[in-house]
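Listed features, source TrEMBL:
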type     : residues : note
TRANSMEM : 46-65    : transmembrane segment
TRANSMEM : 86-105   : transmembrane segment
TRANSMEM : 125-144  : transmembrane segment
TRANSMEM : 156-178  : transmembrane segment
TRANSMEM : 193-217  : transmembrane segment
TRANSMEM : 224-245  : transmembrane segment
TRANSMEM : 251-271  : transmembrane segment
TRANSMEM : 292-314  : transmembrane segment
TRANSMEM : 334-358  : transmembrane segment
TRANSMEM : 379-399  : transmembrane segment
Amino acid sequence: MEDSYPNVKEAMEGNTSSTNDRYAKLMEGSWFSQFRHGSNPWMARYVYGLMFLMSNLLAWAVRDYGRSALTEMERLKGCHGGKDCLGAEGVLRVSLGCFAFYFTMFLSTAGTSKLHQPRELWHSGWWPSKILLMIVLTVLPFFVPSAAIQLYGDLAHFGAGVFLLIQLISIISFITWLNDCCHSEKYANRCHVYVMLLATAAYVVCILGIILMYIWYTPQPSCFLNMFFITWTLVLLQLMTSVSLHPKVNAGFLTPGFMGLYVVFLCWSAIRSEPPEAKCIKKTDAATKGDWLTIISFVVAVIAIVIATFSTGIDSKCFQFRKDETQEEDDVPYGYGFFHFVFATGAMYFAMLLIGWNTHHTMKRWTIDVGWTSTWVRIVNEWLAACVYIWMLVAPIIWKSRQTADAPPA
């Protein structure tokens, strides 16, 4: 009996070694080889992203074209003849199913650290079971009473805010990492010219974007709110640059330039989210006719949601407290629990975009993230982004000065 223990241990070590070898070959191979060699975590993240995209499209179809399915929904008790499964509430029901799936995956994969663990196999494989689970969880919310869906809609506001915060930290961390990489001893001489070109291009695009927003979105002197949004964006750009160039910070032009691109984009998104009756956006009539440009804009917006959720989900390292830990061969390539948690909050986020952050708001076809609530969410996100970035620059100096002040005299 005692002789069998070493054999079992050797078998387990052999399986672990073969798993590591197989995954090592996948990492060295092409992007296509990750799909060709069966279940693995690199293929899994794309499949999860595709499933998330399908939920987005289903929610949109229920909102814009659910009337044609009204006769089928009359059979569902939770829909009260179909009226509670269309429009904003239909979006929330699909979102609830998507959230339930990814939150279930979060609970079942959180804490996975090694490639050969059973939870890793559950994350990377068992696709027929997970697709069936996704379908069941998508259908079940249509039997849930309307009061429970309204409660989920209230919670989704908070969950969508959490998603925006995670995305913000991920973007700032990437910009900071890029700046540190370009200024490191290894790449400093090689990247000096490229850093200056990138920073200059970023500032040129920022100024050009602000000028164009003044031209397009302030056609009348009465558009004071848009003037305030655009002017304050310019002030934030100047403030971030001044703090970054302060002698005690000395972060250079690259990070404030890239952050400027982000806040200008958020300002543009906020103004574009204003309802058509605001009359402070040129060519409003063309945007309300459902023409090909509106359809393309909608498709691009949906794809952008999926890409943003996907890229944020695989960036779990920016939330690690100890970033100097070495990566071992059998460590998972990204945090599975964090990945699914981001997608769960992303399910709430796409619901808010499709209903304009208002459960009682009626959205027109082929529109997304339109309404005054959407506008103010974007604006607050812009201001928060600038504050978080400035705090990340200033906080190390404040903590260092406090430690110096609290240190006992020599």
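All positions are counted from 1 along the displayed chain.
Note that Cβ sites are derived from N, Cα and C of the backbone, with glycine treated the same way.
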Stretch of maximal Cβ-Cβ contact with the transmembrane segment (46-65) [cut-off: under 8 Å; candidates 125-144, 224-245, 334-358, 379-399]
334-358
For the transmembrane segment (334-358), what are the same-chain contacts with Cβ under 8 Å, counting residues 6+ beyond its ends?
41, 45, 48, 52, 55-56, 59-60, 63, 88, 91-92, 94-96, 98-99, 102-103, 105-106, 109-112, 119-120, 123, 153, 155-157, 159-160, 162-164, 166, 273, 301-302, 305, 308-309, 312-317, 319, 368-371, 373-374, 377
Is it the case that the transmembrane segment (156-178) and the transmembrane segment (251-271) have 3 or more CB pairs under 8 Å, with pairs at least 6 apart in sequence?
yes
Counting only pairs 6 or more apart in sequence, are there at least 3 Cβ pairs under 8 Å between the transmembrane segment (193-217) and the transmembrane segment (251-271)?
yes
Per the Cβ under 8 Å criterion, with at least 6 residues separating them from its ends, the transmembrane segment (224-245) contacts 206, 210, 213-214, 217-218, 251-253, 255-257, 259-260, 263-264, 267, 270-271, 274, 280, 379, 382-383, 386, 389-390, 393-394
What parts of the chain pack near the transmembrane segment (251-271), using Cβ distances under 8 Å and only residues at least 6 beyond its ends?
171-172, 175-176, 178-179, 182-183, 195-196, 198-200, 202-203, 205-206, 209-210, 213, 217, 226, 229-230, 233, 236-237, 240-241, 243-245, 280-281, 369, 374-376, 378-379, 381-382, 385-386, 389, 393
When you scan the chain for residues with a C-beta under 8 Å from the transmembrane segment (379-399), skipping those not six or more beyond its ends, what do you find?
164-165, 168-169, 171-172, 176, 229, 232-233, 236, 239-240, 243-244, 248-249, 251, 255-256, 259, 262-263, 266-267, 270
